[in-house]
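As given in Swiss-Prot:
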BINDING   Asp22, Leu23, Asn24, Arg37, His60, Leu61, Gly62, Arg63, Arg119, Arg156  substrate binding site
BINDING   Lys206, Gly302, Glu333, Gly359, Gly360, Asp361, Ser362  ATP binding site
Amino acid sequence: MALRTIDSLGDLRGRRVIVRCDLNVPLKDGVIGDDGRIRASLGTLTGLREAGARVVVISHLGRPDGTPDDKYSLRPVAARLGELLGADVAFASDTVGDSARAAVEALGDGDVVVLENLRFHAEETSKDETVRRGFAESLAELGDVFVSDGFGVVHRKQASVFELASALPSAAGSLIASELEVLDRLTENPERPYTVVLGGSKVSDKLGVIGHLLPRVDSLLIGGGMLFTFLKAQGHEVGASLLEEDQVETVKGYLAEAEERGVKIVLPTDVVVADGFSADAAHEVTRADAIEGTPAGAKGLGLDIGPETADAFATIIRGSTTVFWNGPMGVFELEPFAAGTKTVADALTRVEGLSVVGGGDSAAAVRALGFDDDRFGHISTGGGASLEFLEGKRLPGLEVLGWQ
């Protein structure tokens, strides 16, 4: 069965449409650091407004542990959404209580309201299906139909993602549809050469995708904190750099499999090593197999790929027709250790085929480093969801919408 889309819901004029967005943006002291996920939701929300729907937006923000917490309120998000839509957006101070019911009741055709953070209710993320279903039914009372458009949460079995889609006539929004279209191009006969760039802190988070993609890619470039587990698997010492000892044997297996398949796993030849985790820490570029030979010795921290590696990665990326990147190459938040990530990002903007930035920290990195979204083929809104899709895992939030 194919994914159900909004067209399957019929005429939406005057109908209450609950839209599950992923508006989980970085927020500090009420200030939004990156509104990319809000902007990504605009296509679906604008289409529903133009169709005369009464739009009820729901989302989570952060991890408030199932209780109300002002620092995780969606109020600033609702205000920013209104600015981007160029329309008044109402805000309800609760999710399923009196404020939510009154705000939904007051909606006219084409109006929008944002309900308060779903995760102020522990039922949203409960492991108990019955508890989740009860919360979903409370949400369902506020709508006539349901549109799922939070791609970043479709890999989670949560009340607003899974059970709510069963409680009301449901369909996927345009954001989810576009995400799937791009990810399909990465898994179904991708144009070659096909390169995958993986970074980020933990190799354990990427093992599934490495295993699933090895038979499908031409080159796999490894950076970020995870590279040190690969270096250790090759017999090199890595100082005090991030290391997952329990994954070393698994990584050895992947290195052997890649060699058998003729897939290039490209590891850094040089790294930036510092004597502390701060922007003003003393640091230098050293060979990847000589990390403990720096003045910091066994206390040295590898915090970025080196310039030789960054240039080598960029050459491979620019020569590829399909590129998927997930995870920064270093601690890009600290200026001395941002160069590797910036070089890789710039190379992706020069790919003549399909370049995909895989959400999460990668999306935050390219924006923080000054790159406009439209310089890339696609910036995914789902870090974990896109990885699980590429692993070939079943995603409950898609299956409940008819996806197979």
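Placement of Cβ uses the backbone N, Cα and C atoms for every residue, glycine included.
What you see is a predicted model, and the numbers here were worked out from it, not measured in a lab.
Swiss-Prot feature annotations superimposed on the structure.
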{"residue": "Asp22", "record": "substrate binding site", "contacts (Cβ under 8 Å, 6+ apart)": "Arg37, Ser41, Ser59, His60, Asp149, Gly150, Phe151, Gly152, Val153, Thr381, Gly382"}
{"residue": "Asn24", "record": "substrate binding site", "contacts (Cβ under 8 Å, 6+ apart)": "Arg37, Ser59, His60, Leu61, Gly62, Gly152"}
{"residue": "Arg119", "record": "substrate binding site", "contacts (Cβ under 8 Å, 6+ apart)": "His60, Leu61, Gly62, Arg63, Pro64, Asp65, Gly66, Tyr72, Thr125"}
{"residue": "Lys206", "record": "ATP binding site", "contacts (Cβ under 8 Å, 6+ apart)": "Leu198, Gly200, Met226, Asn326, Gly327, Leu387"}
{"residue": "Glu333", "record": "ATP binding site", "contacts (Cβ under 8 Å, 6+ apart)": "Ala368"}
{"residue": "Gly360", "record": "ATP binding site", "contacts (Cβ under 8 Å, 6+ apart)": "Gly200, Asn326, Gly327, Gly382, Gly383, Gly384"}
{"residue": "Asp361", "record": "ATP binding site", "contacts (Cβ under 8 Å, 6+ apart)": "Gly200, Gly327, Pro328, Gly383"}
{"residue": "Ser362", "record": "ATP binding site", "contacts (Cβ under 8 Å, 6+ apart)": "Gly199, Trp325, Asn326, Gly327, Pro328, Gly383"}
Of His60, Gly62, Gly302 (the binding-site residues), the residue whose Cβ has the fewest other Cβ atoms within 10 Å: Gly62
Residues Asp22, Leu23, Asn24, Arg37, His60, Leu61, Gly62, Arg63, Arg119, Arg156 [recorded substrate binders]: greatest CA to CA distance in Å: 18
Three-state secondary structure, Gly302 (ATP binding site) (per DSSP): strand
